[in-house]
Amino acid sequence: MKCSWREGNKIQLLENGEQYYPAVFKAIGEAQERIILETFIWFEDNVGKQLHAALLAAAQRGVKAEVLLDGYGSPDLSDEFVNELTAAGVVFRYYDPRPRLFGMRTNVFRRMHRKIVVIDARIAFIGGLNYSSEHMSSYGPEAKQDYAVRLEGPIVEDILQFELENLPGQSAARRWWRRHHKAEENRQPGEAQVLLVWRDNEEHRDDIERHYLKMLTQAQREVIIANAYFFPGYRFLHALRKAARRGVRIKLIIQGEPDMPIVRVGARLLYNYLVKGGVQVFEYRRRPLHGKVALMDDHWATVGSSNLDPLSLSLNLEANVIIHDRHFNQTLRDNLNGIIAADCQQVDETMLPKRTWWNLTKSVLAFHFLRHFPALVGWLPAHTPRLTQVDPPAQPTMETQDRVETENTGVNP
């Protein structure tokens, strides 16, 4: 499947769970025909229970609902929680589930990391938020800072087609859609141009990274990137410095406190390389950064699930949208500049680690390990990821009057 730019779309930026979850649950509540939901994480907490209730109500009123969860990111949903949905008719699948070894999850690589919702070919959501109370400010200091978009217009048809291509048993649905569906002539609720891009392990291995590189090459005035896990390849780093050196203002927002020590060590090498190359690096300090967004000049932006690290760029299944829209671009710029002013600390040369032989050795080793990590994973025994559907619970046998009389008389019904 290949997608092209679609015009006439309406797009809304959603920040954190306070904006995202009410919008998603409202759309599910208004669904009439079909819901497709993909996510990496679904926890059985307050947010997860609200999603459960919304999907259950939709299925009970006759809406066809399908859910795809990652087997690593969502391993602990209770049988009761899932069975209630499947009993109501929700099709519930896990992406590549694996048994635990000594209580530890073993399926850490090549994950389904996308976060997509499609409602009736009318509305779609795509971004970085999972379904967890961690995305609500009420969660406390560890609440995540994140973004998603709500989409209406022709791009939703592309996102639905993408989902139908990737879910099993959908060949008949795809054929029916192509034969019978005609886009409504005037169904262009907005002015945004939008392109769906994704990363898989087949024909689209580097599509998301390629669009980033093209953006950096074309930038003339300003680029702002906010990304939770920033550890791209040589080409990306070189493109950043090259853009900065030709006068483009580059602002890079990353986590102030990475959750893995090796990432912190490697990042210090990036700080030296980028800051001395003219890139403005900002550490977001208010709370954990989980966003994956960027903008360029006045008209280019992206929002989605893809980090800029080896896992997202080389192993995981990811999805972003690329957006050409001046109003959306300005909205995102205002938001990112706001968190830079209020919640970030700029990295300057006084904060860079001393270039001793020991610090340099540690940074170089960590950097090259992380960059070659996908290749190292490639040496592991290959397997074909599978989708495992959860069967509805068995229904108890009904004690009908005919059955009672048959058992009493010994006569076949």
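Yeah, the Cβs are placed from backbone N, Cα and C, and that goes for glycine too.
Copied from Swiss-Prot, the annotated features are:
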ACT_SITE  HIS113  active site
ACT_SITE  LYS115  active site
ACT_SITE  ASP120  active site
ACT_SITE  HIS290  active site
ACT_SITE  LYS292  active site
ACT_SITE  ASP297  active site
DOMAIN    108-135  domain 'PLD phosphodiesterase 1'
DOMAIN    285-312  domain 'PLD phosphodiesterase 2'
REGION    388-413  region 'Disordered'
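Features as recorded by Swiss-Prot, highlighted on the structure.
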residue	record	contacts (Cβ under 8 Å, 6+ apart)
HIS113	active site	PHE40, ASP70, GLY73, SER305, SER306, LEU311, SER312, ASN316, LEU317, GLU318
LYS115	active site	GLU38, THR39, PHE40, PHE125, ILE126, GLY127, GLY128, LEU129, ASN130, ALA148, SER305, ALA319
ASP120	active site	ALA31, GLN32, GLU33, ARG34, ILE35
HIS290	active site	GLY128, LEU129, HIS135, LYS144, GLN145, ASP146, ALA228
LYS292	active site	GLY127, GLY128, TYR147, ALA226, ASN227, ALA228, VAL303, GLY304, SER305, SER306, ASN307, LEU308, SER312, ASN320
ASP297	active site	ALA219, GLN220, ARG221, GLU222, VAL223, ASN329
What DSSP reports for the domain 'PLD phosphodiesterase 1' (108-135) is 3 helix, 11 strand, 14 coil
According to DSSP, how is the domain 'PLD phosphodiesterase 2' (285-312) divided among helix, strand and coil residues?
-> 3 helix, 12 strand, 13 coil
